[in-house]
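Student: Quick one: the structure is below, questions incoming.
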Amino acid sequence: MASLIYRQLLTNSYSVDLHDEIEQIGSEKTQNVTVNPGPFAQTRYAPVNWGHGEINDSTTVELILDGPYQPTTFTPPIDYWILINSNTNGVVYESTNNSDFWTAVVAVEPHVSPVDRQYTVFGENKQFNVRNDSDKWKFLEMFRSSSQNEFYNRRTLTSDTKLVGILRYGGRIWTFHGETPRVNTDSSHNANLNDISIVIHSGFYIIPRSQECKCNEYINNGLPPIPNTRNVVPLSLSSRSIQYKRAQVNEDITISKTSLWKECTIIRDIIIRFKFGNSIVKLGGLGYKWSEISYKAANYQYNYLRDGEQVTAHTTCSVNGVNNFSYNGGFLPTDFSVSRYEVIKENSYVYVDYWDDSKAFRNMVYVRSLAANLNSVKCTGGSYDFSIPVGAWPVITGGAVSLHFAGVTLSTQFTDFVSLNSLRFRFSKTVDEPSFSILRTRTVNLYGLPAANPNNGNEYYEISGRFSLISLVPTNDDYQTPIMNSVTVRQDLERQLTDLREEFNSLSQEIAMSQLIDLALLPLDMFSMFSGIKSTIDLTKSMATSVMKKFRKSKLATSISEMTNSLSDAASSASRSVSIRSNISTISNWTNVSNDVSNVTNSLNDISTQTSTISKNLRLKEMITPTEGMSLDDISAAVLKTKIDMSTPIGKNTLPDIVPEASEKFIPKRSFRILKDDEVMEINTEGDVFAYKIDTLNEVPFDVNKFAELVTNSPVISAIIDFKTLKNLNDNYGITRIEALNLIKSNPNVLRDFINQNNPIIRNRIEQLILQCKL
C-alpha cells in the first residue's frame, strides 16, 4: 500500500548521487573568502599587532545602583526603590502626603532593653517605647493615618546590613519587613500619592524597580564593594538632572595602520526595536483543543535618526530556554485543553540580532573588544481568546517579564535576499507583575510571559544603548571585507522550505476523504510518488535519489537499526509480577528503550516517555512487517502525495527536505495494537495503554507479561480507529463482532464503507488524522 514508499526509502536510502553530494557541500559548508591582505597572506591570518582602543559613551544607560546621594527632601520618583544606608540610631526617614499617610522609620541598635526614647518626627517630639534583644539592627516603621492620631509600630525590619528601602509604585508605598537574609515586601495604600514627600536623614541610593531582585540582594546581603569604599563621595540629588555635553561619540577612530589593513574603534549609539513572533496551532475535531502556542523568530525593520543620519535597521528576535506549560480540562471531546503553550521565565533568554546600513556594519568580520551597554525593558502580555464553539471562551491574559542586557556577540542575520554580519544582544529575564491566568480555568496567578500575545498590541518594544568594538578593516575605505559565502544559498532554501511547509499545512482542510482512502490503497513507490510533479522523467529520477539521500539522515532511518535491540530490552525489563488497569497511565513498567538496560531502575518513573518511546519502535516493527490492513503510514503517505499534487510547482531542492520531515512529523499521535485470540492490547504515543475484548469492547487488565511476550513475535497493527473511537462507535451505533474485528485490523474496504455512509464518528477520526499531517 501507500506506506511502501517509506519501506522503499528505508531500503534504498543509502544510494548516493555524486552531483547531489557536491551540491550539498556547496550549500551547507561554509568557507571564508578574504581579500589579499598583502604581507599577511603568507600566514592566512589577520594581522596580530593589535593596538589599544578607547570606548566613549553617549546614550544614557540607567545604572542598577545609582548613588550615593546626600540626605535631602524630595518627592520620590515612581517605579524606583530608594535604598537608605542608615549609619546611626535615630530617625532614618519621614514620609507623608499630609492627608492620610504619615510614616517614620527609626533605627534601634542591637541589645537594647525596653526603654522610652524621644524622637523628632514631622517637627513634633514623640516618645516611642523601643526594644531590641537581637544581634542585628531593628528598623521600626511607625505609622498613623491622621495628624490627630498617635503613631504605632506597623512593621519591623531586622537587619545586619543597616539598609532600608521604600518604593512608590502602583498607587501604593512599598517597604521591606522581616529579618535578613529573608526579607519580604509589603505595601500601604494612600489616597493622594502625587503629593507625597520624603525626608531622608542618611545617604541613599536609587535603584529601578526592574532591578528589584538586585535591591532584594542588597537588603539581604549588603551593598557591593565599590559603593563602600572611602573614595566614593555622596553627591547632591540634583546631580541626576545635570545635562552632560560631550564631543561627537558616534565616530570611527583609527588606532593603527599596517600595509593594506588598519584597526578602527567603532562607537555607535543604537535604538533596538524588536517584536516577538508566535504560532498558535489548533487541533482538529470539535474545536475545543489547541495543539501548541509557541514562540518563533520575528523580523522587524525600521528607521531612526542617529546624529542627524537616517539609519535603516533590521532586527531578528528569537527565544531560547522556554518553559512548556499545558492545560487539560478533561478527556471528553468538548473539554477545553491546550497540549502545550510556551512561557518565558527567569531561566529563559531572548536574543535580538541587530544590523543597520551604517558604515559600522560594512566590515564586521575581524572584531575584538566588543562591548555594549543597554537599558532594560518590560514586556507585558496581552489577551488571547480561545474561541470554542459553545460556552464562554477561555481567555489567557497577563504575564510580564523584564529584559536585562546580559551580553553581546557577533552573529549572522538572514533576510529574504542576503545574509548580514550583525550583533546578537542577549537578554536575561526577571518575572514581573502582572501574573498570567487562563480565565474560566484552574490556571491562575502564574508568572512569566506566555506566547499567546507577547506583544500586547504593541508594534514593537524599544531599547536604547550603545556599543563599541575594534575592527580590522581594509585601509582603502572603498573595500569591504567579504563575509562567508554560500550561507545565503542555504538561507534561501530555508525560506522556500518555510513557504512550502505553510502551504502544505493549509492544504489539510482541502483533502477529500474518499480520495485519500483510495490513494492510501495504492502501492505508492518512489516513481509514482513524484510522478505528479510537472517535470521530466530524468528530473523525477534525480529527485527520488535526492530524497533517498536526505532520508538516510532522518530519525526514522537511523532508528531502524536499533529497533530490534530496543524492543528486546523493553520486553526483558518489564516486571514479571504486575497486571495493571489499562486506563491508568501511571502503571506502566516499561523502561525507556532509548536507554541502556543498566539504566532500567532509574528510568521507571518516566512512564509517559517510556510508553511513548515503545510506540515509536512499534511503528518501525509494523513498517518492516506488512499486514493486510491499512496503516497510519498509508494515510501519511497518501496525504503527502495529495499535497504534492495539489501544491504549487515544487523545486527539486525543497522536496528532498520535506519527505523525510513528513515521515517524522506526520500523525505524531499514533496508536498501535497487537491481537491475541479474542483480546486486543493497545498502546499510544501519549503513554496510555488499553486491553479489551473484541466481542464486547469491555476493558480487561493490561497484562505486562503477555504484552512483553507478544511484542517481539506478533504482528503490530496501526490503530487507525483507536479504542476510544471504537467504544464511542459501539455505544452510539452498535457494531457487530465482524465489523469490530475489521475495524481493529484496519480493513480498508470496511473503512471506506463507513466513510461512504457518512458515519460522523469514523469521519471525525480520519479528519483528525489528516489534520495531524502537519510540518
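Every residue gets a Cβ built from N, Cα and C, even glycine.
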Student: In Swiss-Prot, which of the ranges 175-202, 455-482, 483-510, 651-678 has the coiled coil annotation?
Tutor: 483-510
Student: Taking the Cβ of CYS379 (disulfide bond) as centre, how many other Cβ atoms lie within 10 Å?
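Tutor: Total other Cβ atoms inside 10 Å, all chains included: 23.
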Student: Using DSSP, what's the helix, strand and coil tally for the region 'Hydrophobic' (388-408)?
Tutor: 0 helix, 13 strand, 8 coil
Student: Can you tell me the mean pLDDT for the region 'Spike head' (65-223)?
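Tutor: Taking every residue in the region 'Spike head' (65-223) and averaging pLDDT yields 85.
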Student: What three-state secondary structure does DSSP assign to CYS379 (disulfide bond)?
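Tutor: For CYS379 (disulfide bond) - judged by DSSP and reduced to three states - the answer is strand.
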Student: Please list residues from the chain of CYS317 (disulfide bond) whose Cβ is under 8 angstroms from its Cβ, counting only those at least six apart in sequence.
Tutor: PHE274, LYS275, PHE276, GLY277, ALA297, ALA298, TYR300, VAL350, TYR351, VAL352, ASP353
